[in-house]
Every structure is written in C-alpha cells, then in structure tokens.
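Each remark here refers to the structure printed beneath this line.
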C-alpha cells in the first residue's frame with residue numbers, strides 16, 4: 001500500500017540521519033553540535049587546563065608595582081582569560097578580598113592559642129555536606145577603583161566572540177546599596193573528594209580535604225526597582241574548615257581554571273588544584289569523546305539564557321564560610337560517648353533516617369563575601385560583628401533533607417485542607433439541591449473558589465511530572481485538588497442551569513423597547529370614541545355563571561365558558577402569521593468553563609513572570625491577587641441585595657471555607673521558615689483576615705436584618721418584599737393579608753383599651769378564634785399568670801405606639817402566628833421601623849397572593865417548591 005511505503009521511507013530516512021550523525025567526525029562540520037565546541041575553542045579550554053596543572057602558589061600575585069622593589073616582588077599574572085594584566089581587571093583589590101575572607105573565617109572559628117589562624121582543633125563542628133538553601137541580606141561596598149564597561153576591550157579579551165553592542169549596560173551589575181540573596185548549594189556525596197595525606201603524628205590541616213560544589217545565587221537589589229537575576233557558580237568546598245570558594249566562568253573570564261589562585265592560603269591552593277585537575281580534566285575528556293554536545297559552556301553561569309547573542313555580564317568570585325553548629329545540638333565538645341563527632345551522626349540520620357533520638361535539626365548558616373573583579377564592588381552579608389544581630393544573621397537556611405521534609409509536610413497539610421474543603425462542599429451540595437436554594441447562590445462566588453482549586457490542580461500536576469523525592473505528596477495534592485475541582489465544576493454547572501431563567505428574563509427585559517405613549521382619540525359627535533380600524537366586532541355580554549353549592553366549581557366554570565363561547569359569532573379576520581420573538585442568547589456553560597481555564601492559565605503565567613519583578617511590584621501583585629481571591633463572598637453579598645434573599649450558604653460552609661482558604665496564606669505570611677523562603681508580612685495578613693471578616697459580618701447582618709437593610713431603594717431593582725410593614729389602611733399595597741382583613745374591619749373599636757383600665761381588656765386581635773386563651777384564664781398557675789402579665793404589658797406598649805398584635809394560624813405548621821399591625825391613621829409609629837420593627841417583621845412572611853406564614857415555615861417550603869402552599873400560585877424566589 002502507498003501509505004505503508006511512505007511510512008517506511010520516513011523511518012529509513014531518520015535512521016540514515018541518525019547513523020550519519022553518530023559516525024561523523026566530531027571536529028568536522030556538525031549538524032547538531034554547537035559552534036562553541038569547535039576544535040579551536042575546545043583547544044583553548046585544554047590550554048587553560050594545562051595552565052592550571054603547571055602553575056604553583058604565588059604565580060598569580062597582582063598588585064600595584066612599587067618603585068625600587070626587587071624583581072621577585074614584581075606583580076605576576078596568568079595567561080588565562082581575565083587573569084592577564086592586559087585585560088585590565090581590578091585585581092588590585094584581590095588582597096582586600098582575601099583579607100575579608102580570613103576575617104569571616106576567624107570570626108566563625110577563632111584560632112586556638114599557639115597555632116595558626118586555620119587551626120581549630122580535630123573535632124568537626126560544622127556540616128560536612130553543605131547541600132541546602134540559605135538566604136539573607138547583603139550590603140554593597142565599592143572597590144578601590146571604579147570600572148565602567150568602556151574600560152574593557154572585549155574583542156581583545158575574548159577574540160572570536162560576537163558580543164552585543166558595547167554601549168549596552170552589562171548584566172548582573174548591582175548598583176544598589178542593599179538587597180537580598182538566596183543561595184542553593186548542591187554537593188553530591190558521591191563526587192570526587194581529594195584528601196591530602198597527613199604526616200605521621202600530625203593533625204590534618206583544615207584545608208587538607210577538598211570537594212567539588214556548585215551553587216545558584218538569586219540576587220535582588222532592593223534599593224532600585226530592578227528585577228532579580230540568577231547565576232550559577234562552580235568551585236571547591238573544604239569541609240574541615242567549612243570554607244567554600246565559587247566563581248563564574250564565561251568567555252571573558254576563565255574563573256574555574258584560576259580558582260585555586262584565589263584561595264585564602266597555600267594549603268587550600270594545593271588541595272583545590274589537585275581536585276580541579278581531576279574533575280575538569282574528566283569533563284573535557286568527556287566532551288572530546290562525545291558525539292552530541294550539550295551546552296556551549298560546561299561551567300556556564302547562565303541559568304536561563306534570554307538571548308542567543310553573547311551579552312557581557314559582571315563576573316563574581318564568592319566566598320562562603322559555614323558557621324559551627326549550635327552547642328545545644330552537638331554539645332561543648334562536639335563528640336559523643338564514643339568520641340565520634342556528633343555532626344557525622346546528624347548528617348547520617350538526615351540522609352538515612354533510622355529514628356534515632358536527637359535534639360532537633362540545626363540550621364545551615366554561613367557568612368558571605370562576593371567580589372566582582374571586572375565591575376569592582378563587593379557584596380557582604382549583614383550580621384555580627386560588623387552589624388548588630390537585629391539587622392541580620394548573615395545567611396540562614398536549612399539542609400536539603402530538612403527542606404525536603406518540610407515540603408512533604410506542607411504538601412500533605414495542603415492536601416488535607418483541600419479534602420476538608422471538599423467535605424464542606426459536599427455538605428453544602430446536599431443542602432442546596434432544589435431550584436430555590438440553588439437560585440440564591442452567587443455564580444461568581446462559586447466560580448472564584450473553583451478557579452482557585454483549578455490553579456492548585458494545574459500547579460501540582462506540573463510539579464508532580466518532574467518531582468522525584470516529592471512525587472507521592474504531590475500526587476496526593478493533585479488528587480485532592482482534582483476532586484475538589486471536578487465536584488465544584490458539577491456544582492457550578494447546576495448553579496448556572498438554575499440561574500438561566502433569571503438571566504433570560506433580564507435579557508428579555510433589556511431587549512424589550514419601552515411602550516409608546518398612548519394618544520387620546522377625538523370623540524365623535526355622539527360623545528363616544530370611534531373604534532379602531534383593526535378592532536373586532538363588539539362581543540355580547542357573557543351570561544352570568546351561577547354556581548350551585550353542590551357542584552364542582554371548576555367544572556361548572558368550564559362548562560359555562562364553553563357554552564358562552566359557542567353562542568358568539570366568530571369575527572371575520574385576516575389570518576396573519578406572527579413569529580415569536582427570538583429567545584435572547586445565553587452563553588453555554590462550556591464557554592464559561594473555557595473562560596475559567598484560560599483565566600487560570602493566564603494567572604499561572606503572570607505569577608511565574610512576577611518572580612523576576614522588583615520586590616515592591618512583586619509584593620503588591622501578590623497582595624492584590626490574594627485580596628481579590630479572598631473577596632469570594634462579595635458577589636454573594638451583591639446577589640443577596642439584588643434578589644432580596646439571604647442564607648444562600650450554610651454558616652458551617654461559610655466559616656469553614658473562610659478558615660481553610662486562609663490557612664495557606666497564614667503559612668506564608670506568618671512563618672519565617674516557610675518552604676519558599678518568603679519574608680513574613682503580618683500586617684498584610686491582618687488586612688486579608690479583616691477583609692474576610694468584614695464580608696462575613698455583612699452576610700450576618702443580611703441574615704438577621706435583611707439583605708437591603710440600610711440601603712436606599714433607588715440603588716436596587718424592585719423585588720417582592722416578603723417582610724412588609726402591615727397597615728390597616730394600606731390600600732395601595734393590596735390591604736392586609738387574607739385572614740387579618742375581617743378582624744381589621746369589625747373589631748377596631750372594641751379593641752381600644754385605656755392605659756389605666758388594668759387587665760379588664762386586651763388589645764389583642766384574634767382572627768378565626770373564639771374564647772379566651774389559656775394564659776387569660778384564672779387558675780392557670782403562677783407561671784401562666786406571670787407570662788400573661790408580661791404579654792399584656794408588651795401589647796399595651798405596642799398599642800401606645802400605634803400598633804396592635806393579631807393572631808392567625810400558619811397553614812404550614814398549623815401553629816399560631818403573632819403579627820404586629822399598624823393601626824389606621826397612626827402617625828408613623830416608631831415601633832414599625834428601626835431594629836425593633838425589623839426583628840418583629842422577621843417572624844412572618846407575606847406572599848404576593850396575600851397569604852401569611854411563619855418565616856421558617858415558608859423558607860423551608862421554598863427549599864422544595866416556589867408555589868404558595870395554599871393557592872399554588874407561583875412565587876418569586878428569595
């Protein structure tokens with residue numbers, strides 16, 4: 001078949017390209033290899049490695065030459081890119097940099113009496129594996145000379161590189177006076193370790209052991225509105241001393257090949273040179289044998305390459321000094337009963353947990369001094385002895401194992417929060433399962449919660465795809481977010497479906513034009529109005545319908561109507577076909593779901609972009625995003641006002657969701673040891689909590705005093721008021737409800753009672769009830785007499801304020817309903833308004849068909865039907 005042959009041809013073509021790539025010479029024109037790995041450039045790396053292998057301590061001694069000095073004191077340079085005198089780097093400050101490194105080391109490890117400055121005893125008191133994350137504050141100090149990009153000839157420093165226009169400012173140039181830094185150190189325990197052999201009877205030198213290490217530093221300048229930048233550094237770690245020396249390596253600076261010459265002492269130089277000779281040689285040999293080349297520079301400092309054109313950036317040499325562990329964890333001597341270092345036990349327990357008892361997990365702390373040899377400035381961490389402890393404690397963080405444990409715990413906790421939210425949502429769905437209850441819920445409130453759950457699901461899914469050590473907790477979090485999102489989407493779909501009739505009515509009302517004003521026709525001579533041209537012939541009057549008491553009313557009405565209609569002559573009219581007005585378009589839920597998905601993706605992308613923004617802009621963005629997300633009760637408040645409804649959600653759901661959705665923010669806003677190393681901000685969190693509390697208070701006020709309490713009527717659309725003020729003379733509103741009309745007409749005068757008449761009469765009106773009430777009868781007991789007295793006093797007070805208390809049976813519960821009614825001709829009684837009147841009106845509800853019920857009874861009825869329990873008339877929803 002032709003399709004099969006073409007498919008086979010494609011496979012054979014791919015195999016041919018693959019074989020040609022594998023069997024081609026590596027030094028020839030390659031199809032895939034980057035141009036950096038040409039024979040010439042790889043040869044330059046080999047030459048730099050040879051210089052590292054053949055030089056010794058003291059061969060690199062840059063300083064300002066002194067007049068009359070002997071030849072052996074003349075400045076000496078290396079034939080490495082950036083280490084040459086012609087490159088014009090600020091190497092005069094190298095001595096100051098080394099001096100600052102020794103100062104940090106002496107402060108961390110005070111030298112013992114009678115020994116050199118690097119001797120601090122045989123017991124190891126700091127972490128031997130520095131893998132972890134630390135963060136802190138830094139200050140900038142200028143160098144002895146000021147360097148500008150115009151001081152360098154990049155073409156001469158790195159020939160063959162097409163640099164970006166020299167007039168462009170260099171990248172990674174820190175100009176502010178202060179900022180923050182976050183350093184992620186990576187050190188594999190299985191890497192090559194060079195250990196110098198010690199002479200018999202002599203203690204090993206603190207710089208006698210060296211291990212390869214790398215780090216990624218995120219530097220943020222807080223003095224200027226500039227974005228943060230990240231750079232990768234490679235270097236050597238001397239675990240006995242706790243010293244780490246790192247450097248960048250680019251086209252214009254061979255930092256890794258000259259790093260041993262930047263070490264603080266000759267012992268560190270020896271071990272560092274031996275280690276780098278092995279590790280760098282292996283990397284270059286692997287590159288030479290490789291058919292597929294990786295990045296252009298094995299030691300590139302660029303974490304994420306923004307542009308393909310080489311951009312000159314400031315170089316960095318970074319010195320980190322680890323601090324000894326707190327004696328609380330390792331004791332004063334630092335050894336256990338078997339004279340074994342406690343640090344070794346702590347590290348083994350972190351890497352291979354056995355459940356051994358411990359006093360805790362010590363922090364990873366270190367001091368920093370970073371120097372830029374081409375941009376000529378220093379970055380130093382803030383802390384003692386140069387700065388008080390309140391300004392900072394240098395760089396503080398945790399080991400990678402501790403951070404991994406905290407991340408897992410946080411993910412499990414977040415998954416528990418998501419499951420608790422799902423449990424509350426399930427309970428709310430059981431309560432809101434009717435058209436009436438679903439119609440009260442705001443679609444936007446549920447959509448905001450669903451959008452947040454969808455963002456969590458997307459982020460956790462992306463994390464779990466690349467997670468290794470945190471795969472299980474991330475998978476559990478993904479499952480919890482997926483369940484919450486899927487069930488929430490079903491609930492949102494039901495809300496949208498039951499809101500559709502209301503949306504159609506609003507759209508129809510908006511599309512319907514206003515009726516034209518009626519014109520007054522001219523009367524005829526006889527005083528009668530002329531009939532319209534299209535008017536039908538006048539119909540004879542319908543015969544009266546007499547309904548016997550022993551017949552079916554509905555059947556009799558239908559029979560008489562049919563007889564009258566058959567006796568009438570049918571008018572002759574022209575048959576016209578009328579087209580029903582088109583139904584207003586209503587967006588499908590699928591399109592709204594797609595909008596939510598796109599909005600969630602946009603939020604994730606914008607959040608990822610904000611990580612590189614200036615700190616102030618990033619802080620404002622996250623605070624505004626949190627404020628907008630925690631405003632999910634605001635749409636519900638607005639819907640309650642527009643529909644004059646309340647109690648859309650159960651209070652258990654509202655309080656629970658508010659607390660659970662605040663918990664993740666509390667973790668990052670209040671805890672300084674959070675997994676993202678975010679600076680705590682208690683004031684912003686208090687503002688967020690206060691905003692959520694304000695929304696809940698407004699919902700509570702709407703529940704108790706009514707959704708429209710205190711708001712002008714012109715701000716809201718007209719809806720039926722189920723809690724009206726009942727007046728005896730309110731003819732415009734349809735009069736009193738059915739059952740209260742008869743007593744209003746015939747018993748008004750008989751109910752009037754003088755204030756000083758005692759208990760001879762009572763102002764209470766009864767509808768449909770005869771006889772005395774139990775509390776009015778004598779012998780009812782002391783309790784009954786006391787209750788009756790209180791009731792009469794309350795009725796007297798209402799009577800003095802122009803109101804009377806009437807009773808009617810509720811048709812739902814068949815219990816007595818007490819209704820306060822304003823008497824005729826009363827002058828705006830104070831009892832009808834204010835909080836007292838509001839609470840009194842909350843006891844009853846009046847329907848448009850003039851039936852009255854208990855509030856709780858009718859609200860419970862509305863959960864299942866929006867019809868009057870008596871006459872079955874359709875009622876407006878709450």
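Note that Cβ sites are derived from N, Cα and C of the backbone, with glycine treated the same way.
Per TrEMBL, the listed range annotated as transmembrane segment is 620-637 (candidates: 530-547, 548-565, 566-583, 620-637). From the options 425-447, 448-470, 586-608, 724-746, the stretch TrEMBL describes as transmembrane segment is 586-608. Simply put, out of 471-496, 586-608, 682-701, 682-701 has the most Cβ pairs sitting under 8 Å from the transmembrane segment (649-670). Among residues of the same chain six or more beyond the transmembrane segment (620-637), those with a C-beta under 8 A of the stretch's C-beta atoms are 441-445, 448-449, 452, 603, 606-607, 610, 613, 648-649, 654, 658, 661-662, 665, 684, 687-688, 691-692, 695-696, 698-699, 702. Mean pLDDT of the predicted structure over the domain 'RING-type' (810-872): 77. Across the compositional bias 'Basic and acidic residues' (500-509), DSSP classifies residues as 10 helix, 0 strand, 0 coil.
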